[in-house]
Amino acid sequence: MSTHGNSGGDEPTLVFPSANRPPEGEQSGKTPNGKRRPPIWRYVGYGFATFAVFVVAFALAGFGIALGIVASAFQKEELPSYEAMKEALFSGNLASYAYDRKGKLIGQLPSVETRIPTKLSEISPYVVEALIAAEDKNFYSHHGVSLRGIARAAFQQFTRSEIQTGGSTLTQQLVKQTLLEDLYRQEISGEVKGEELTRLKYRRKFAEIFLALHVERYFTKEQILEAYLNKMYFGKVQGQNLYGIEAAARGYFGVPAKELNLAQAAYLVGMLQSPGMYDPNDPEGLNRGIDRMRYVLESMRKLGKISEEEYREALNYDIAGNLKSDLPEVSSNRYPILTEEILEEAAEALASQELKKLGQDPEHVRRNAPAEWTDLVQRKRDFLNTAGVRIYTTIDLDLYDAFQDVAQTAVKYLPDAKVVVPTKDAQGKEVRKEMPSVQQFAAVLIDNRTGAVLAEIPNRKPPTVDPTYGKRYLSFARNQPYSPGSSIKPILAYGPALEEGVLPGIDSPVEDTPVVLPDGQKGEHVVYNYNLSPFKGLMTARQALWESRNPPAVRLFLQVGMERAFSYAEAAGISTITPEDKRESQVAAIGGLRKGTTLYELTGAYTVFPNQGLLKKPYMVERISDAGDRELYRHEEEVRQVFSPETAYMVTDALRGVVTNGTASALGAKLRSAYGDVPVAGKTGTSEDDQDFWFIGYTPTFTLGVWGGYDMRNKDQPNATSLNRGGTRFDHLSPWFTLYQKTVQILPDLNPQGKSFPRPNTLVTASICLPSGKLPSETCQKAAGKVPKVEIISGLFPRNRVPTERDDRVVEARLVVVGDKEYRARDDTPDDLVLKEVRVKRDPLQIPKRVRMLISPYPTDWKNHLPEEADPRTPTGRAPNPPQGLTATLDGNAVVLRWNANGEPDIAGYRVFRIDAAGETHIASVMSHQPLEFRDLSPTPLSAYQVVAVTVDGRTSPPSNPVSPFDLSKPPKGAPSPPKDVQVSRQADGTVAVRWNPNAEKDHVIYYSVYAGNTDHGPWTKLGDATDPSFTFTPSPNQAYVRVTATNDVGESEPSKAVPIPQAPPSSPSPPQGETPPPTGNRGETRGILDLLPFPSHPKR
């Protein structure tokens, strides 16, 4: 029933349920229930009498007011129909219940009323007798109102008596609580005051009298009693508002209404006057309630309804000792957040179902008409709270309880913190206040096969403050989004990059090098790795995901395109992405989102990977039925293809490595120890300043996500709520493992042992060259395993994306160094003055211009990169000057040469020459970036040295002045003495090794000559020369002896003693006929003696 306010000075109008034509029974003189109505003249007379008393009473209070109300009401009111009254009197809010997946009762859902309808025949007779005795002893004789009672109440009001007994019959009280409920609530709200309140009271009382007469005309006394005892409020027990005698009997005494004894019945009837004042669970209320019970019992005794003995026995009954509750547990008491989630999802399911029937898309309405959507969902919530429905969920209550136990007993939390947060004082002014902050923990478990939510941990304890959701319980699993850190990488970076072909395969190469992004405030933003770990450079996408490297993920996200990448996340069920994210969040792939994500949605998004790219939308409400078990709703599976099966498997294959080798390897070790090789994949995530820790792990059968973080935060106090502080780091992987154990223990059908992730037959492996990801080239094959980051690996690819081109990144490079920096050499720079190395063509390295790097921008493998820039030195077009300052000193048997750098800007390097009796020899080239010195480890006696400078375009300077560490003014006086102690041995490979003692230094030997002969007398054939006292050759069959000579600048010595060559073993094959293998030694040719000393000043070049 509703009221309309005063308009235009007219009196307010009462609007009852529609006054349709009287029911069929009225035509025959009977009500629809078969009760014969008294003759109409009796109502006219009775009504007139009542009206007369009412007018007189009102006249005492104010003739003008009363007359105006009465006249207005007679002119404007329409009395409610039988059907409308029946609906108001006999229907009511019914309790709704939630059940788990096995049909186990979760509990009663929270509602405004807890009511258990019952028949009058199922109510103790003591209740009826007590009610009539205490409230309306003439109930069976009046027709809805009591003239005597009205007159008495009017007199008490006029005289302002302290005793206000009231004049309402049971019928009037029922009318007030049902047909006039809205008007009565307005009257007692405190919002209407003064003369307006007086008018409202009179108006309500007048309507109450006439409606009571109207009700009595259509319903029997028994029907009125039954409606009354089912409608009246009996107070609150355990947070439940009890309506009706059945709920009261069970709530206070733990028995059905039919079994109430006399004392219990009297006490409950006595409570009707003021349930809060007579609450037996309150000591003071109990005392008042017993006094009120005594009054009820006395009334019953006076009317002869009970005997003296029954009276005294009831007075002695121990009310307090018999208080107990047998009500179904309200799930909001034990499972407050679960209840809220069930209600919300059920309401949304019914709202979506209604919109679909109207041909509308629920998601479209949700996004584009949020106010209408919210209103529709709220109306469905109201319905579910009061309609007596049964909501059957996917929750496994045993597992749910086990999860809560883990949250309370098995998680090692960090100490509470204190942070300063903005809040409002009593006057509503914004102030900053230090508040406690509690570390929370949440988890969500989803059945991959159906999308059913099986269990969750909404929080560790109720949050400190809940400014977002007001009085609703806050779930950190569903309601509160936070930055997901790296746990979003598979959804926003790797999945989209594989799907779009930015990554041909999961083993394709990526670069872990700095990413420099424009930043409107700082100018530049540099993407670092977690804990500022050094950049590692080239690696496979698989390794980057294992190690959770940040720059590769950001690059892939940007290469796919922000809007395109976000579309995959939204398709996977992430709803917290904002328009600003799509325009500006360049680091979203590492958690940089304005709102973040909820654990529920991120866990649901991960289910696409074990489901071959399909999203089976997570849900918790399986079906809803009404009180008569008529089905109102049944879940229909919503399936969406987010990624291809190939992409889903490749991401899974990489994420398995996270558990075995990567950031979750500690968890992998526990799993292997407990279960052996089980198929588990997953990804860790850590937000900035260690504010949030995530792990979303999955098997072929289920996906389990966990989150940890503090509930109150201040970005200016990140250390206060860090999960890695004081030398202690929050361990979120151990709870995941414990929850895994609980899951497979309680629901063994989810145990993944013996199962596997399905691999599409369209995936193949191919050998590729890292760093390009292409087929190995010849250069790559030669350098693989020898040059850092050059490897030939087996990569996983979709068949249509297997590489077909050869590697072009591993190259043989010609390099020069200028000012400690490498450049590509000019084509005309001589080969002996460049570095020849195998290098790797790399993507350009981003070096920030304005932001100071916190670590080196160069990756650890940067030394093998191929420089992009060419030699910056410009040729002058002229030959350089001779090098100056050349010196030669002896260091043991070595000669050390040093000289000064040339002053010309285009010097590529220097060439070093040795000049001796054998001639002029180029013995070294020294590049300009190297130390300007050279050590000759094999000098000859009387050696001299010169150096020339060479430009980048190959121009050569005149030689420097010659220098020598030896005294060239004292040449030898004669030829050397013959070499001594010549030894000849046959080697295993068939060669012959000749060794002898070196001559004395005074002989100034330049080289030794080795000869072979058929006999010890010859003839002799020269085999070759050697500067060292050893020589190796392969003999011909007719060579049987060896002898050696020594030569200096004077001449050749006498030969040494002829030494026989040992015979070869019989099995050794002989060289082909007529073929003589060439000798080997330190010197491959005979050197002549210089014609003149001292040496020429300009040796040939």
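Cβ atoms are placed via backbone N, Cα and C, with glycine included.
Lifted from TrEMBL, the feature list:
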REGION    1-36  region 'Disordered'
TRANSMEM  43-71  transmembrane segment
REGION    863-886  region 'Disordered'
COMPBIAS  863-872  compositional bias 'Basic and acidic residues'
DOMAIN    879-972  domain 'Fibronectin type-III'
REGION    953-987  region 'Disordered'
DOMAIN    978-1067  domain 'Fibronectin type-III'
REGION    1049-1101  region 'Disordered'
COMPBIAS  1062-1080  compositional bias 'Pro residues'
Handout entry: pLDDT averaged over every residue in the domain 'Fibronectin type-III' (879-972)
Key = 92
Practice task
Report the DSSP secondary-structure composition of the domain 'Fibronectin type-III' (879-972) as helix, strand and coil residue counts.
Solution key: 0 helix, 43 strand, 51 coil
Exercise for the section: Please work out the helix, strand and coil residue numbers for the domain 'Fibronectin type-III' (978-1067) from the DSSP assignment. Expected result: 3 helix, 45 strand, 42 coil
Fill in the blank from the handout: Across the compositional bias 'Basic and acidic residues' (863-872), DSSP yields 2 helix, 2 strand, 6 coil
Practice task
Determine which residues of the chain contact the compositional bias 'Basic and acidic residues' (863-872) at the Cβ level, with the cut-off under 8 Å and only residues 6 or more beyond its ends counted.
Solution key: 787-790, 811, 813, 815-816, 818, 821-826, 829, 839-842, 844-845, 952
